[in-house]
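Colleague: Per TrEMBL, region 'Disordered' is recorded for 1-26. Summarising the annotation, TrEMBL assigns compositional bias 'Basic and acidic residues' to 1-10. Residues or ranges marked as transmembrane segment by TrEMBL: 37-58, 70-91, 103-124, 160-180, 186-207, 262-284, 304-323, 360-378, 384-403, 415-437, 443-462.
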Amino acid sequence: STMRERKTTDPLHSTDPLPSSTDLSEGKEKLRLKQEVGLISGVSLIAGTMIGSGIFMSPEWVLHHMGNPASSLLIWAACGLLAMFGALSYAELGTIIKESGGEYIYILRIFGSFPAFLFAYTSVILVRPAGLAAVCLSFAEYAIAPFYPGCSSPQVAVKCAAAACILILTIINCLNVRLATSVMNIFTAAKLLALFVIVVGGLVLLAKGQTQSFQNGFQGTTAGIGTVGVAFYQGLWSYDGWNNLNYVTEELKKPEVTLPRALMIAIPLVTCLYLLVNVSYLAAMTPSELLSSEAVAVTWGDKVLGSWAWLISLSVALSTFGSSNGTFFSGGRVCYIAAREGHMPDILSMAHVRCLTPSPALLFTSAMSLIMIISGNFSSIVNFFSFMAWFFYGMTISGLLYLKIKKPELPRSYKVPIIIPIIVLMAAVYLVLAPIIDQPQIEILYIVLFVFSGIIFYFPLVRFKYHPRFLQTVTLHLQLLLEVAPTTRDAK
């Protein structure tokens with residue numbers, strides 16, 4: 001069948017949790033994911049995913065929406081605090097529901113099948129590909145910028161470079177898992193080097209007295225609720241990844257200890273680093289210069305490093321490529337688990353029989369990302385991504401509040417004060433509603449309609465398990481074409 005039959009379970013009362021191993025079958029051979037992620041690896045996973053393209057692309061947009069340097073720095077600090085609160089709330093969820101899958105598995109276990117399907121449907125088709133498209137567009141901006149000094153890069157060239165990035169990532173991730181992880185580790189060093197150079201350069205400029213951008217710092221602050229919400233979208237994009245450890249809960253060593261500790265180390269470090277980088281940008285450039293730049297770090301390099309500015313372009317391009325590889329690498333996890341639960345077509349839970357990679361899910365994500373690159377730009381994609389992400393973050397946090405109030409007897413090794421998830425929920429409601437109320441756009445209506453269009457697929461294919469014969473035929477042909485086989489898991 002094209003959709004796996006889902007086991008009927010009472011949310012959060014299932015006695016058959018997802019196993020801690022994932023098996024990719026080829027005859028009798030199986031590949032298992034073991035509990036090998038410790039504290040250092042957990043910190044690296046969070047920080048390495050968070051430090052991607054956003055800090056090199058979003059500063060100009062935060063400044064644009066807030067109107068001045070001081071208020072934009074407050075937005076960056078508030079975004080870090082909100083990410084910390086959200087991550088601590090997720091840490092408690094991760095110690096109650098010790099399964100991989102992040103929001104999807106939490107919504108499934110707490111609220112049931114239907115809302116979990118809507119999340120998987122939206123995430124797999126739109127949200128994950130949108131995130132990948134935005135990161136690849138930022139890579140393209142920096143990769144192309146040195147070829148067009150002193151002027152804006154043509155959008156055609158940027159989009160072609162972004163599309164080429166996605167195709168290269170598809171090949172790497174479909175060929176070999178170890179190759180994909182090696183690429184991610186190597187490029188993490190490049191991003192840390194780039195940020196270290198920018199921070200040190202900014203401190204030197206401040207020591208020399210270049211503080212003009214911070215004089216009358218709050219003059220001209222924008223106060224509209226919708227404008228502030230969009231500024232938060234752009235800032236929070238740079239912090240996206242704070243919840244990534246919850247996607248690999250089953251692979252953590254002592255998740256009840258490792259999960260909260262890794263979050264408490266990684267997110268404050270990233271927040272401090274982001275604030276220092278923004279201060280460095282503003283020390284080197286006036287607000288008007290920063291706003292007119294399409295590649296902020298490149299402009300910073302031109303002003304501070306002179307003939308060595310190409311090093312910044314190279315480092316940032318490598319950094320964003322590595323980040324896009326990490327996004328692409330983890331993008332199939334929700335897709336795989338949703339298919340394993342019967343919420344996605346069976347073909348998406350299959351793996352290549354020789355390479356042992358989830359190639360159907362990767363190819364699907366690649367195709368959707370290419371469509372978004374053709375039709376959108378960085379800013380619009382980030383706003384769309386953030387709107388959808390915080391809608392589901394809010395739903396997940398409301399599930400935690402439900403468990404804290406209605407099921408306090410559930411065993412949990414870590415408890416977050418109830419005020420923290422309440423603050424996160426209020427922020428999520430604000431981030432979803434503020435742009436709609438202040439500056440309603442028809443695109444948001446389209447997004448909402450798309451989410452609920454999942455009803456058309458849920459009831460016949462999942463609820464009533466209607467599997468048209470032609471879909472079974474298509475699945476069989478795709479299996480032969482892609483050389484993939486169903487994945488299995490051991491019963492516990």
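Just so you know, glycine gets a Cβ as well, placed from its N, Cα and C.
Nobody curates TrEMBL annotations by hand; they come from automatic prediction.
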Colleague: Could you name the stretch, out of 103-124, 160-180, 186-207, 384-403, with the greatest number of CB pairs under 8 A to the transmembrane segment (443-462)?
Modeller: 103-124
Colleague: For the transmembrane segment (415-437) against the transmembrane segment (304-323), do we get 3 or more Cβ-Cβ pairs below 8 Å once near-sequence pairs (under 6 apart) are dropped?
Modeller: no
Colleague: Go through the chain and flag residues at least 6 beyond the ends of the transmembrane segment (304-323) whose CB is under 8 A from any CB in it; none is fine as an answer.
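Modeller: Contacts with the transmembrane segment (304-323): 48-49, 51-53, 56, 135-136, 138-139, 142-143, 145-146, 165, 183-184, 186-188, 190-191, 193-194, 197-198, 201, 205, 284, 295, 297-298.
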Colleague: Taking the transmembrane segment (262-284) as reference, which of 70-91, 160-180, 186-207, 360-378 has the most Cβ pairs under 8 angstroms?
Modeller: 70-91
Colleague: Counting only residues 6 or more past its boundaries, what in the same chain has a CB within less than 8 Å of a CB in the transmembrane segment (70-91)?
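Modeller: Result: 46, 59, 62-63, 102, 214, 217-218, 221-222, 228, 231-232, 235-236, 238-239, 242-243, 246, 259-260, 263-264, 267-268, 270-271, 274-275, 278-279, 393, 396-397, 400, 414, 416, 420-421, 423-424, 427.
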Colleague: Compare 37-58, 160-180, 186-207 by their Cβ pairs under 8 Å to the transmembrane segment (360-378) and return the stretch that comes out on top.
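Modeller: Counting Cβ pairs under 8 Å, the winner is 160-180.
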